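Student: Okay, here's the structure, questions in a sec.
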Amino acid sequence: MTQQKPPAGADLSQTFIRFALDAGVLSFGEFVTKAGRKSPYFFNAGLFNQGAMLGEVAQFYAKTLLASGVQFDVLFGPAYKGITLASATAVALAGMGRDVGFAYNRKEAKDHGEGGTLVGAKLQGKVVIVDDVISAGTSVRESVNMIRAAGAEPAAVLIALDRMEKSGTAEQVGTHSAVQDVQREYGIPVIAIASLKDLLAYLDASQDPALSASREAVAAYRQRYGV
């Protein structure tokens, strides 16, 4: 895959969706979520597993963060996917003239060497949490607690895709999404490169019959579980 810098502005989310489709990170079919719901699409950020691909996705993260206007001093990547995403985003930001530190946590505390659960830059000032998606919000909750315990302030959560999906199971559907719960509980914005709304807009505009055929199933899923 040839690495290209993503555009700025309103086209960013649509370009990201095309990029995710080309990379196989976003796919359509019938998938079962952790909540037991049958989803017509699947987003697997673990497939951003090539150097050029990771460099490109980092550009999307960096451009989205800068465009948000959120003030920040450090990036924090929760283990495990967030580690790579935060470090790659820091590299992309440096290339744009915004050089900041990044840190991440270990799942298990280390009792030798530097010790503890935190690795990397000191958590200070305003910290942006970088991850792939927000499912139940557990990772964000743990990250916020670590950031505050270090004396820093959580400033925002930066993710690739907002599924805009109510919490709960296939039968018991909640009233809010995990993203909305995070924003309400911690009073910080959740910034997404793209959302389910953007995905539907992409499918509406697509000239690809295979993609257009998925539009009805995605729209029905949003009707049932979306916010």
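Using N, Cα and C of the backbone, Cβ positions are placed for all residues, glycine too.
The 5-phospho-alpha-D-ribose 1-diphosphate binding site annotation in Swiss-Prot covers K34, 80-81, 106-107, K110, H112, 131-139. The orotate binding site annotation in Swiss-Prot covers F42, F43, S135, R163, and the record cites sequence analysis as its basis.
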Student: Would you mind sorting out which of F42, F43, S135 (the binding-site residues) have a C-alpha within 10 A of the one on K34 (5-phospho-alpha-D-ribose 1-diphosphate binding site)?
Tutor: S135
Student: When the Cα of F43 (orotate binding site) is compared with the Cα of each of the binding-site residues K81, K107, D132, which one is closest?
Tutor: D132
Student: If you count the other Cβ atoms within 10 Å of each Cβ, which of the binding-site residues K34, K81, K107, R163 comes out on top?
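Tutor: Top count of Cβ atoms within 10 Å goes to R163.
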Student: Taking the mean position of the Cβ atoms of F42, F43, S135, R163 as the orotate site, which residues outside that list, in the same chain, have a Cβ no more than 8 Å away, listed in sequence order?
Tutor: T33, S39, Y41, V133, L161
Student: Could you tell me the maximum Cα-Cα distance in Å between the residues recorded as binding orotate, namely F42, F43, S135, R163, rounded to a whole number?
Tutor: 13
Student: Among all protein chains shown, how many Cβ atoms are found within 10 Å of the Cβ of F43 (orotate binding site), not counting that one?
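Tutor: Other Cβ atoms found within 10 Å: 19.
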Student: Quick one: of I134, A136, which of the binding-site residues has the smallest count of other CB atoms within 10 A?
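Tutor: Lowest Cβ count within 10 Å among the binding-site residues (I134, A136) is A136.
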Student: If you count CB neighbours within 10 Å, which one among the binding-site residues S135, T138 has the smallest count?
Tutor: T138
Student: Relative to the Cα of R163 (orotate binding site), which of the binding-site residues K81, I134, A136, T138 has the closest Cα?
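Tutor: Smallest Cα separation from R163 (orotate binding site) among K81, I134, A136, T138: I134.
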Student: Specify the secondary structure state of F43 (orotate binding site) as given by DSSP, simplified to three classes.
Tutor: strand
Student: Would you mind reading off the Cα separation of T138 (5-phospho-alpha-D-ribose 1-diphosphate binding site) from F42 (orotate binding site), to the nearest angstrom?
Tutor: 20
Student: Can you tell me the three-state DSSP label for T138 (5-phospho-alpha-D-ribose 1-diphosphate binding site)?
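Tutor: SS state of T138 (5-phospho-alpha-D-ribose 1-diphosphate binding site) = helix.
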